[in-house]
Amino acid sequence: MPMHIPFPFNWIPTLPVARCQESPSLLKRAGTEKLREVFLKYASIQKNGEHYMTSEDFVRKFLGLFSESAFNDESVRLLANIADTSKDGLISFSEFQAFEGLLCTPDALYRTAFQLFDRKGNGTVSYADFADVVQKTELHSKIPFSLDGPFIKRYFGDKKQRLINYAEFTQLLHDFHEEHAMEAFRSKDPAGTGFISPLDFQDIIVNVKRHLLTPGVRDNLVSVTEGHKVSFPYFIAFTSLLNNMELIKQVYLHATEGSRTDMITKDQILLAAQTMSQITPLEIDILFHLAGAVHQAGRIDYSDLSNIAPEHYTKHMTHRLAEIKAVESPADRSAFIQVLESSYRFTLGSFAGAVGATVVYPIDLVKTRMQNQRAGSYIGEVAYRNSWDCFKKVVRHEGFMGLYRGLLPQLMGVAPEKAIKLTVNDLVRDKLTDKKGNIPTWAEVLAGGCAGASQVVFTNPLEIVKIRLQVAGEIASGSKIRAWSVVRELGLFGLYKGARACLLRDVPFSAIYFPTYAHTKAMMADKDGYNHPLTLLAAGAIAGVPAASLVTPADVIKTRLQVVARSGQTTYTGVWDATKKIMAEEGPRAFWKGTAARVFRSSPQFGVTLVTYELLQRLFYVDFGGTQPKGSEAHKITTPLEQAAASVTTENVDHIGGYRAAVPLLAGVESKFGLYLPRFGRGVTAASPSTATGS
């Protein structure tokens, strides 16, 4: 008896989506002359001045299927008949072009299946047509379907003479597998007890519903029964659950208000499913039982549903300039790979930090001068009424470049400062994120705090040099000060003057900023979880408002400690001393000086920095087997034709227009409808899966 293996479509790689360019088509139609050129390249028959393709020309040479020498002739003819509407064994150019157009229609998957069954090419399916194709499938060879039963008679009539049109055929094809499953149950229960054994249950599901099974479900079909016999209601509920998994996912999203990470109980999903008459409590019981068999947990989240029935999706992402896969799987993450990942993040963070600092540096200069302005006046010192007045006077007295006084040392320090902050935050978040990708709020706050503490090593020397350069222009007759002269004057220990105040500012800032950014970013993602660059910019700016404003008192104290006090100005010995003296001499409002400037500087700076950092990770993508920024790609449920378009292979440049989706669509006929055709001819032993998959 011949051994069959599945029709070889599972090897097709997933490549970028072929977007719709002609409404309502998903694929742009090929030009007639270009299509004719491709047709003539493969057409091997010439009759009466016309060229034709044979079945082998079309299926084996053009589509690249059944490349083995011992291919199944009947399967090749069946597939060629889809395009051969005249059913004369030859494909003309007009038929070749017509099928290309069919592949561009929104319901191409069903129409392709219909033409597979329309053996006479008259636009209808007869009983003989249906029976002929069904009898050639692998499923029928393993679990025969009764072609004389009541199901067939309901569709084709008692005498089996009724013809089925396209619209009716789509329903027939949908109902066929459900009926086949019930008939298989009856065949395994000849005594009519209403029960079958666990092994028979496994055999039926693997054969009749294998196009709906994931490896995790397939491996647990026996264990989910707990060794008990399977009743007919349980069997029907199980098959219904597989069919309704997309509906189950919608129920879950309704129960969690759109969150894909919330863990929910059986009672919660039962409550949410009350409005869905298609879902029964028994199906929910099986769902949780199956999820427990797969990963041994009492509650489920969206990833558990995807493990049972993965979504067909396309990835919507920014164009990648480079893509590197450092490891094959997360299990291969060595210490060296993790160091490389941190180095990669540090490099991108440095560039992002420099970009962000340059954009907002004029605002930072205004903020610093406002914070350093003491109560009362000082001879020769420019007085500012507000931030806008400060901005105008800097431009008037020092020129436009005066707004960038001290930028160079700022860039030299801000690059590693922002890099270490972003890297440490990502590193700690990675360590505190569970296997499902969830991280508690306390862990987000801790990661941000660690990031803030780590940056002080770079921030304090940078800040003290920057501040002294920024305030140097306030004295009209003052000599020009260089960054290096400030460094030599302060020395190593002097560069860390005010470090306590710096910690007092940076730790709470980052502890507030990063969790706020992550949650705001998630809220601004679209329904598919994707963040447009503008939403990243907005999330970064919004998160900067509370973070920057709430730590302004610490920033004022740090500025006063690090600036050089002029003659007649109060000097401070430490954080507590500065706090007491500022309060006594200037009142509590002095602690909030420059708040507006700080918010207007920090919010856009971090917005620009974060959007640059995440976009760089999208553009220069490296998979280290760890976590990627959320929102960088969307897992969007697609239609069968979109799935086909997303799986287009570019190996054959002759697959143009609708033919770009030909092979994936034929795979869809197999995977969606379970119409697996034998690949090898009779008497040929099947090879292993790895060797059986051809090009």
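Start at 1 and count along the chain as shown; that gives each residue its number.
Note that Cβ sites are derived from N, Cα and C of the backbone, with glycine treated the same way.
Judged by membrane topology as recorded in Swiss-Prot, Thr535 shares a side of the membrane with Pro629. Ranges compared are 57-70, 127-140, 379-392, 449-462, and Swiss-Prot records transmembrane segment for 449-462. The range from 98-117, 498-517 that Swiss-Prot describes as transmembrane segment is residues 498-517. Residues 4, 6, 24-26, 74-75, 78-79, 81-87, 147, 152, 156, 160-166, 169-170, 172-173, 176, 180, 207-208, 639-641, 644, 658, 661, 665-666, 668-669, 672-678 of the same chain, all 6+ positions outside the domain 'EF-hand 2' (105-140), place their C-beta atoms under 8 angstroms from a C-beta of that stretch. Within its own chain, the transmembrane segment (406-425) has Cβ neighbours under 8 Å at 342, 345-354, 356-358, 361, 364-365, 447-448, 450-452, 454-455, 457-459, 461-462, 465-466, 469-470, 483, 510, 514, 609, 613, counting only residues six or more beyond its boundaries. Sorting the binding-site residues Asp84, Asp189, Asp200 by the number of other Cβ atoms within 10 Å puts Asp84 first. For the recorded Ca(2+) 1 site, residues Asp84, Ser86, Asp88, Leu90, Glu95 set the reference point as the centre of their Cβ atoms, and the other residues of that chain within 8 Å of it by Cβ are Tyr52, Ala83, Thr85, Lys87, Gly89, Ile91, Ser92. Residues of the domain 'EF-hand 1' (71-104) grouped by DSSP class, helix first, strand second and coil last, total 21 helix, 2 strand, 11 coil.
When the domain 'EF-hand 2' (105-140) is classified with DSSP, helix, strand and coil residues number 21 helix, 1 strand, 14 coil.
Neighbouring residues of the recorded Ca(2+) 3 site, listed in sequence order and excluding Asp189, Thr193, Asp200, comprise Phe185, Lys188, Pro190, Ala191, Gly194, Phe195, Ile196, Ser197, Lys229 (Cβ within 8 Å of the Cβ centroid). Under 8 Å from some Cβ of the transmembrane segment (537-554) lie the Cβ atoms of residues 501, 504-505, 508-510, 512-514, 516-517, 520-521, 524, 531, 591-595, 598-599, 601-611, all in the same chain and six or more residues away from its ends. Spatially close to Leu90 (Ca(2+) 1 binding site) yet at least six residues away along the chain are Ile45, Lys47, Tyr52, Met53, Thr54, Asp84, judged by Cβ distances under 8 angstroms.
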